[in-house]
Amino acid sequence: MADPNRTVVVTDGSNDASAVSGAAAGVQSSPKGEKGAGTDPSKMDQQTLAAVLQFLKNNKLRDAEAALRREAKLPDGNGDSGGSSRVATSGEVSLVLSAYESEGDLARYCEYYNSLSSFIESSLDAHKHELGCLLYPVFIHMYLQLVYNRHEKEAHKFFNRFSVEQEDWHQEDLRTLSTVKTREQMEGNDLMDTFRSSKFVLRMSRDSYQSLRRYLKQNEHRELLSILQDHLFIDVFDGVPRNREQVQATSGAMMGEARRDANKVKVLYGLPKEPDINVPLDDDDEGVEGEDKPKKKKQKKDLLLNKNKKADPNAPPPSRIPLPELKDADKLEKVLSWKEGLKRVPLGRENLPSICFYTLANAYQNVSAVGVSEDSSLLAAGFEDSNVRVWSLSPQRLRTMRNASELDQLDKEADDIVERMMDEKTAADSWLLHGHTGPVYSTSFSPDREQLLTSSEDGTVRLWSLHTYSNLVVYKGHNYPVWDVQFSPTGYYFVSGGHDRVARLWGTDQFQPIRMFVGHYSDVTCIQYHPNSNYVATGSSDRTVRLWDVLNGNCVRVMTGHKAAVHTLAWSPDGRYLASAGVDKNVLLWDIAYGRLLAEMKGHTDPIYSLCFSREGSILASGGIDNTVKIWDVQKVFEEIAGSDDLTSLDRASLVEVGSLLLGSFQTKATPVLKLHFSHRNLLLGCGRYQHS
């Protein structure tokens, strides 16, 4: 049973929590005989008691009902005590348990909201911007209370008057909420259920918080106190109040900012020690001119191979999660990638990348997804007609396996058995894959390029063989469209996310998910596996980016700052930094070690759908439906952060000046950029569908 003298816990600068009696603003309970500043405890207790008794009765929990009546000193019957308590009907029980009916003067909600707005506007500039974050959640819950208590006309007037005053990034949610005009329409509305069941998080300095307390103590608005207590979580910190730019840098998410304790778990973002693999020196690698030139190249090669031989203190133990063992083919792949890395062009402010752009022309069914293999040899595109097509980007054409009778005649012990299994007569530039029954929204190649994952509106993820170009497995777990699917960097594991707000971790040989990552308030729109395979980053339409621990499924980072849905993510090669972008046209750069926003890069004029770091991590490329590829100097950000002494501070967003970060902007003729990918030599590959004017 609810305690009428409830408390709200707010966190201070330390790990300890302080409980503040009364309402969310810490107003003390009024002595007996004085007019209280909070909701009448006796009325709230009676409503709760009636709802609980009705719930127990409806579910035939007679013993529990009888025990509760005895303890509450109620006679047997309908739970009335002097006729003062209201028995909830079965249809109202769940709503009453989560949000009580208001007994106050709902007609004065416009007056109450105006009073709060005037108080914030007249506050000192130091507190104004933090206190201003209260207006949106208070507006939402006042409106819902008016609708729930059947004050439809007042609710309509209240919404029309104050919705235009909310920040631009809230307008999409407000348009959705405007369709809820009666109590019956509240049932089954996902956005309304989110606001009702979750608390809106605000971070506020202690000075701003004390100013709010004084206002609430002087103005005895019971309804406002109830909203602050029931639906808001005020995370109080010791320090200087944040200014407008710092507040807006972390604002925008559907349910407010991230709690500071949500980003305190240590993240093992480092890369594991590379396995010992001997790389033979080729004659063409050693050079032919001069005595010093071969020696110089050999030193460069040794430096590359020994780069990750030392253990990273921030790397997870190799046995933390079970990973597939390296096969001989995997080791050979690493050798080839290292050799390619020897010819890599270092990129920077004075040396921008070359860009090779693939345009899909005459695609009568719109292209909805594009993927490129790790070694840049294969490209896959998903189409709205449910088909998938795979192309070769190298001179080697795509072949399928020989038939069974021919395979039986081969020498199974031959070193080149895989090559012999392929039928040269079937060689083609591309292959078409059929199987999905809805538009294909994502493609992902396995690291060894033997398999391809695709996700679709039909709610399934399909695994395809790139030896036979046939469907191997259909994974069914999502109930709605699956927006993204991504292979682990080590293979075997993959993660999918979709409209059901859940990301699922799978193994290629299992039909059921291994983990479910639950916490987003809206669609999981994009996914990126961490380079060390121990973490998964997800972006969502709730305008947040989250980081999940694969070991236990826990959310270890919540990052807020986007003002619209997030549609693409990219990890830096060292695994410490994460870039995100989406419909708000901005690229945000995060430090995963602390969950801290480092930079906000602006320049695109339309939503961004692809991000990619260069192979050494010095530059970041972004592309979107504004037909533009932009190059950003993120190395400058990393250098400035390396010299900072206050990386753990989350109470102020000291963003790097971004005006000088843009290195170049490259326009396509009429092709939105759906995919960007850096080759091992730092050639930037782009892809999109030609749009007829």
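Note that Cβ sites are derived from N, Cα and C of the backbone, with glycine treated the same way.
Annotated features, as they stand in TrEMBL:
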type: COMPBIAS; residues: 12-30; note: compositional bias 'Low complexity'
type: COMPBIAS; residues: 301-312; note: compositional bias 'Basic and acidic residues'
type: DOMAIN; residues: 105-232; note: domain 'TFIID subunit TAF5 NTD2'
type: REGION; residues: 1-43; note: region 'Disordered'
type: REGION; residues: 276-324; note: region 'Disordered'
type: REPEAT; residues: 360-401; note: repeat 'WD'
type: REPEAT; residues: 433-474; note: repeat 'WD'
type: REPEAT; residues: 475-516; note: repeat 'WD'
type: REPEAT; residues: 517-558; note: repeat 'WD'
type: REPEAT; residues: 559-600; note: repeat 'WD'
type: REPEAT; residues: 601-635; note: repeat 'WD'
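For the repeat 'WD' (475-516), the number of residues in each DSSP class (helix H, G, I; strand E, B; coil) is 0 helix, 22 strand, 20 coil.
The DSSP breakdown of the repeat 'WD' (559-600) into helical (H, G, I), extended (E, B) and coil residues amounts to 0 helix, 25 strand, 17 coil. Here the repeat 'WD' (559-600) has long-range neighbours at 168-169, 172, 249-253, 256-258, 262-263, 267, 269-271, 314, 522-523, 525-528, 530-532, 537-541, 543-547, 606-613, 615-617, 620, 622, 624, 632, 634, 637-638, 641, 647-648, 650, 653, 655-656, 658, 661, meaning same-chain residues at least 6 beyond its ends whose C-beta is under 8 angstroms from one of its own. Secondary structure of the repeat 'WD' (433-474) per DSSP (helix as H, G, I; strand as E, B; remaining residues coil): 0 helix, 24 strand, 18 coil. The list of residues near the repeat 'WD' (433-474) in space but at least 6 beyond its ends in sequence, with Cβ under 8 angstroms from a Cβ of it, reads 329-330, 333, 368-375, 377-378, 380-390, 398, 400-401, 421-422, 480-487, 489-491, 494, 496, 498, 506, 508, 511. Residue counts for the repeat 'WD' (517-558) under DSSP, helix first, then strand, then coil, are 0 helix, 24 strand, 18 coil. Counting residue by residue with DSSP, the repeat 'WD' (360-401) contains 0 helix, 22 strand, 20 coil. Under DSSP, the residues of the repeat 'WD' (601-635) split into helix, strand and coil as follows: 2 helix, 18 strand, 15 coil.
Averaged across the repeat 'WD' (517-558), pLDDT in this predicted model comes to 96.
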